[in-house]
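Asker: When I checked Swiss-Prot for this same protein, it listed these features:
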ACT_SITE  C132  active site
ACT_SITE  H325  active site
ACT_SITE  N355  active site
TRANSMEM  467-487  transmembrane segment
Amino acid sequence: MTLEWNIDDKFHLFFRKKRSVYIVGGVHHDEDEVDPKVVAQSGLQGDDGVVRLPPLNTLVNFLGHVSPYMHADYAFLHREWEYNRTASFADDLVNLPSVYDWRYVYPRDDEETKRKKRYIMPPDNQYLCGSCWAVSTASAIGDAYVVAGLVDWRPDISPAWALTCYPQGQCEGGSPALLLKEISQGNGIVSNHCLDYSFCASNPRCNGAAANHFGAENLSELVPKSCGCYVGDSMHYRYTVDPLIRTLAIGVGTVTEENIQSTIKRHILTHGPVLAGYFVLKNFTSGYFTRINGGVYFDRGNYIPGQALVFNDHYCSGDSYRGSHAVAIIGWGVARNVLYDTDKRGDVPYWYCRNSWRSTWGGDDGYFKMAMYPWNRVAQFEKLVTLRDRDNVPHRCGGIITFTVSTKPVKVKMNQLNTTLLPFPLLRDRSWYGGDQEEYRPAIVPKLAPSDGPNKPPLPLPVYYSALDLALLVLPALLIVIVVLIGKIPT
């Protein structure tokens, strides 16, 4: 149960102007007041004291690069289900579980599935580079290898390799669909042991928490200029993906509102996380929504610390547009008895997503819940939508990408970069880059899922008033009572 205490009367607004409002964890990236302690806790504040957010992708476009989902693809997925009938999900061929994800362990999971969940990637950090398209794709490829049983370790796939060898817009954005296609047709992709994110993570120009109001410079010039590893003549695993890469979006191909969500769920259960694109709005960026109302993001919510949660179309209009973003969907669930409109409650289905704004973003260790379509109609995954920004420029986003892997990674000798020309120090000792560590098996044991799916403890009650505030509020009432009592004293 989530506790909420909203005080929006005139007295509160008066006192709010006089002192900061303390909300645990919520960070507001507008002109509104926030407590400095909250900003510090958020992980979004750079060493210079400036609150920053990652630059958002303007090139997330899943159309035109890969084919839409068709009847043959449903048949293929059905055959995969049939093949896995002896697995722990066999009884869900028709009835899918209402809650499932690759982060937590559920009672239905067998020992093999529990072991695989140890190797699923946690949220990464793209820093100031607009590389969500590369970071989310790299993590999903590694997950796919784990779920397919092709590796018995965490692959730790390299986003830097994607930015270098399949550059697209590099730090200005790109399409996960096109990246997957190029990986399947090219020379694959390697792990961070070959080429990691040092170009950004160890460079002061890039390793801030993100750009203030998304006003980051284009940092593509920092990306290595040619494919290769930091250490030459070293053996590294090369991973690839199958050519079967598909777009899922309502109204595209044979995808409908009736079949899209069940198809996505079955793919996640069978093959692992999928990739999704969506519009990021002003009310999303702070991650404050992850801490209230079941943690589900509704694009019509205000999500302003210190104010009652209300819903209005203004919050998902073009004036609120911030950019487009790509993330991995790792599961789904149902939030029980949450507000989905002003003064309206109910059970709302959501997608459980892994962001790339580091694990300190939001209140769920870098993960978040996105209300499914049609609960959200602008910031959502299932439908391609067009949104015009405040300058009347149209933007199009939405859709989900599915893919599969079926070939074990192969160790190959890689070329060496000229590290003397690199404008940054490496994150780790040189020996770490000397070859892949297939024995990389994190000791972290996945936690049991809460009964209602991924959730965080409720927020402590926000502290809006000091003792002086309360005294000033109560004093007038006491004076009135005293006057009334004096008036009743017999003369």
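We number each residue from 1, going along the chain as drawn.
Keep in mind that glycine also has a Cβ here, set from the backbone N, Cα and C atoms.
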Asker: Give the distance between the Cα atoms of N355 (active site) and H325 (active site), rounded to the nearest whole Å.
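Answerer: Approximately 9 Å lies between the Cα of N355 (active site) and that of H325 (active site).
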Asker: Give the distance between the Cα atoms of C132 (active site) and H325 (active site), rounded to the nearest whole Å.
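Answerer: Rounded to a whole number, the Cα-Cα distance is 7 Å.
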Asker: Using DSSP, would you call N355 (active site) helix, strand or coil?
Answerer: coil
Asker: Just how many other Cβ atoms lie inside 10 Å of the Cβ on H325 (active site)?
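Answerer: Step by step: centre on the Cβ of H325 (active site), count other Cβ atoms within 10 Å, giving 26.
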Asker: In the three-state scheme derived from DSSP, which category covers C132 (active site)?
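Answerer: The three-state answer is helix.
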Asker: Taking every protein chain in this structure into account, which of the active-site residues C132, N355 has the most other Cβ atoms within 10 Å of its Cβ?
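Answerer: Ranked by Cβ atoms within 10 Å, first place goes to C132.
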